[in-house]
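Engineer: Pasting a structure here, questions to come.
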């Protein structure tokens, strides 16, 4: 049994649309929170701000057939986002290689070699200058032979010769993709507040289909990297818009389960990508499969998926909002809503009053929320809060620094395990599939752990398990005492680490929103997300470290997550407790904890 304050807190946090791949706070040009709040005793023309919208949505069927249809359609969009995030492990597959023989000479006359673990291996980057004269070598000049098991298999490594002194370019392409996702949060996602979440999502889907198709015919690694940047730019925007559109489809009482189970589509994306990669060994064909079908089918979403009802009402577009409401009623076979026109008219009038009050009757060039994003957040006491307020007081300073580290380490470990997984022993497609499978129990465990033991202990436990599993995988010998291979145990340990960091990552945004006070919550989570993006951008570079010392990145992830598990215990527990609204409340709660 959960307290009323906890239920209200979770409803508020869900309404802010906190996401795993980044945070996007729904601050529209005119938000429902900006509406005047009147007493019910004043007149018949009262609207209780966002509560009235929620009451409207409650009359649309909860989990009606139309909501379920929208949920599945948006889930498919969310699922394909996982394809683009996880495909580098397949597109940039390194099959092994060696220098090609000099024309007219045998391989042993052209390329030096040596015995490694009972297998003769030719040099990967050196060839003989003149074998008949001496053993001096020089860099390969005749190209490379790539050791694909299947002759139909291709990768960008072989197509663009990303080997030897060019092998760092493989990691660079992944880093550029991550930079694109970071830029999307800054430049593209805010457009959804102005033009609508649905419209921005669809346009990005179509643009991504074009860029993804062009990627297949990249003539060189520079063009390929530019296209990857834009794929990342569009992919993050699509994912955030899809998540927001899904949450705004349901009323508050029906929102939490769909929000949690939306992550299952992400796991399905990872698992299905493993199947596609197995069936399509050519990286170009694989790119077309993930870039075109759902992106092009989304053209029908113009008619199948409505605009967000909260967004339409926040814009005062009551005519369009009425059409959306009537469609829900019709598809779900529900009766008409009494006094619907009168209720919608109140929203329109209050939007007009808001514009007149805040712009002097002129159209506002920027929104109040946009202004706050530049100068700070209004705490309700007339004061504008800025990022500096995160560090002015002792408890806020500690909470902020700890939360920044936790965001960084979660992103670094999650993305890092993703990029080092191709270096695991065993079948690479099966490994990728298992990395998707372990996310399902992680989400379920996370859901119940947050309910029964709270946020802090949940994150601590997940990070500790992740750290121990990764360190154990690093220290594990390749073979047992009897000579039998231990690769199965190593893969198991990495999967446990992936399971654990998924659970922690799924909790951290919720926890951050409960730790930071209302007056500066948006900026605090935005700052935390910045450190998350640093972790995401840095993670691909771990592949270079892995090339020098096999599986060392797992040790780095393990050490940092164990430290995170200890540090999170310095933060307050927020489960079943009211959300702090002011910085003073945060400081007082910290003082009370110290006294106890």
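Placement of Cβ uses the backbone N, Cα and C atoms for every residue, glycine included.
On a predicted model such as this, the values are computed, not experimentally measured, just so you know.
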Engineer: If TrEMBL is the reference, give me the range from 200-223, 320-343, 344-367 marked as transmembrane segment.
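Structural biologist: Spelled out, TrEMBL records transmembrane segment over residues 200-223, not the other listed ranges.
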Engineer: For the annotation transmembrane segment in TrEMBL, which listed range does it cover: 369-389, 432-452?
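Structural biologist: When 369-389, 432-452 are checked in TrEMBL, transmembrane segment belongs to 432-452.
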Engineer: Could you tell me whether the transmembrane segment (488-512) and the transmembrane segment (200-223) are in contact, taking contact to mean 3+ Cβ pairs under 8 Å with a sequence separation of 6 or more?
Structural biologist: no
Engineer: Counting only residues 6+ away from its ends, which parts of the chain sit with a Cβ under 8 Å from the transmembrane segment (229-247)?
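Structural biologist: For the transmembrane segment (229-247), the nonlocal Cβ contacts are 14-15, 17, 19, 21-22, 24, 26, 70-71, 74-75, 77-78, 81, 84-85, 176-185, 187-189, 192, 197-198, 200-201, 204-205, 207-208, 211-212, 215, 255, 258-259, 262, 305, 308.
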Engineer: Same chain only, please: residues at least 6 beyond the ends of the transmembrane segment (551-571) with a C-beta under 8 Å from a C-beta of the stretch. Say none if there are none.
Structural biologist: 398-399, 402-403, 405-406, 409-410, 412-413, 416-417, 420, 423, 456, 459-461, 463-464, 466-474, 490, 494, 497, 500-501, 504, 511, 515, 542-543, 545
Engineer: Could you name the stretch, out of 68-87, 401-420, 488-512, with the greatest number of CB pairs under 8 A to the transmembrane segment (432-452)?
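Structural biologist: Looking at each of 68-87, 401-420, 488-512 in turn, the most contacts to the transmembrane segment (432-452) are made by 488-512.
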Engineer: Any contact between the transmembrane segment (401-420) and the transmembrane segment (459-476)? By contact I mean 3+ C-beta pairs closer than 8 Å, pairs at least 6 apart along the chain.
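Structural biologist: They do touch: at least three Cβ pairs between the two stretches lie under 8 Å.
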